[in-house]
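Record features (Swiss-Prot):
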ACT_SITE  Asp73  active site, proton acceptor
BINDING   Asp73, Gly74, Asn147, Glu148, His158, Arg175, Asp177, Thr188, Gly189, Tyr190, Ser191, Leu192, Ser193, Gln247  NAD(+) binding site
Amino acid sequence: MKQHFTCIGIVGRPRHDSALITHKTLYEWLIKNGYKVFIEHTVARELKLNNPNTATLIEIGEFCDLAVVIGGDGNLLCAARVLSFYNIKIIGINRGNLGFLADLNPDTGLKKLSEVLSGNYSLENRFLLDAQVCQKKIISRSSIAINEVVLHTKNLAHMIEFEVYIDNKFSFSQRADGLIVSTPTGSTGYSLSAGGPIIAASLDAIVLVPMFPHTLSARPLVIHSDSIICLKFSNIQTNLKISCDSQIILTIKKGECVFIRRSCYYLNLIHPKSYNYFKTLTSKLSWSKKFF
């Protein structure tokens, strides 16, 4: 088998025996096939391997050309938040529930992975979002998001008054529990649950979805991914926060605003050649079967 990848990182958070077996089987299979393998520290401790090459996520990003993430979409998102800063490709073996991103089936994972490792794969460059909390155009706090940036309050079901500017032009004002700003990758997640549209992964688009708006006319808004979004708040607003992929939370203080824009970094996600985005949607969302 011709090696299109030479150094492979194994990433995951095994929480049950079947996941541990998948990690160990993958590790032994890669070693047997002559690959240099780095395995994340926490995974190596769980597997109790004999003198493996261990590494942090950052080291895997620096030294490996492919990372195999074993787990659900949450595990892949967590790993990708670090690995997206490096020139490394990522593929996922699903050990979670949905598996929109981690799409390899554990039962056929090694067969499909063998095809990928021989160069028979497709590459998707999924763009990220930069979220910046600013005070007079000076960045106070920032983070990235692969799925979505969510404006919300510290307390549940508290209304927020805010204004949305797109490319320095006033777009709309809103009284709502919050706002979801989603990438195409995130459009099948939290955004979809809030009534947002599904955006094909290849589109250069961002969707803004109000959360429980205090009006009947509020609708999701789809804009070009090159647009810069600014959220402004009245001075009476308190306890405001933005959440990036439900993993990083940034506090918004009095007098601060939020800028959200397309990041210069990408999630380099790869799939077997047989991967079909719309077939995945049909399967995961239980859409109707073909009539003929």
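In case you wondered, yes, glycine gets a Cβ from its N, Cα and C as well.
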> Counting across all protein chains shown, how many other Cβ atoms sit within 10 Å of the Cβ of His158 (NAD(+) binding site)?
Replying inline: 14
>> Let's check the environment of Gly189 (NAD(+) binding site): how many other CB atoms sit within 10 Å of its CB?
In response: 23
>> Whole-number answer please: how many Å between the C-alpha atoms of the residue listed as 'active site, proton acceptor' and Gly189 (NAD(+) binding site)?
In response: 10
> If you skip the near sequence neighbours and keep only those at least six away, which residues in the chain come within under 8 angstroms of Ser191 (NAD(+) binding site), Cβ to Cβ?
Replying inline: Glu148, Ile180, Ser182, Val207, Val209, Pro220
>> According to DSSP, collapsed to three classes, what secondary structure does Asn147 (NAD(+) binding site) have?
In response: coil
> Where does Ser193 (NAD(+) binding site) sit in DSSP terms: helix, strand, or coil?
Replying inline: helix
>> For each of Asn147, Ser193, count the other CB atoms within 10 A of its CB; which of these binding-site residues has the top count?
In response: Asn147
> Over the residue list Asp73, Gly74, Asn147, Glu148, His158, Arg175, Asp177, Thr188, Gly189, Tyr190, Ser191, Leu192, Ser193, Gln247, recorded for NAD(+), what is the maximum interresidue Cα distance in Å?
Replying inline: 32
>> Around the C-beta of Asp73 (active site, proton acceptor), how many further C-beta atoms are within 10 angstroms, looking at every protein chain?
In response: 24
> In terms of DSSP three-state secondary structure, what is the assignment for His158 (NAD(+) binding site)?
Replying inline: coil
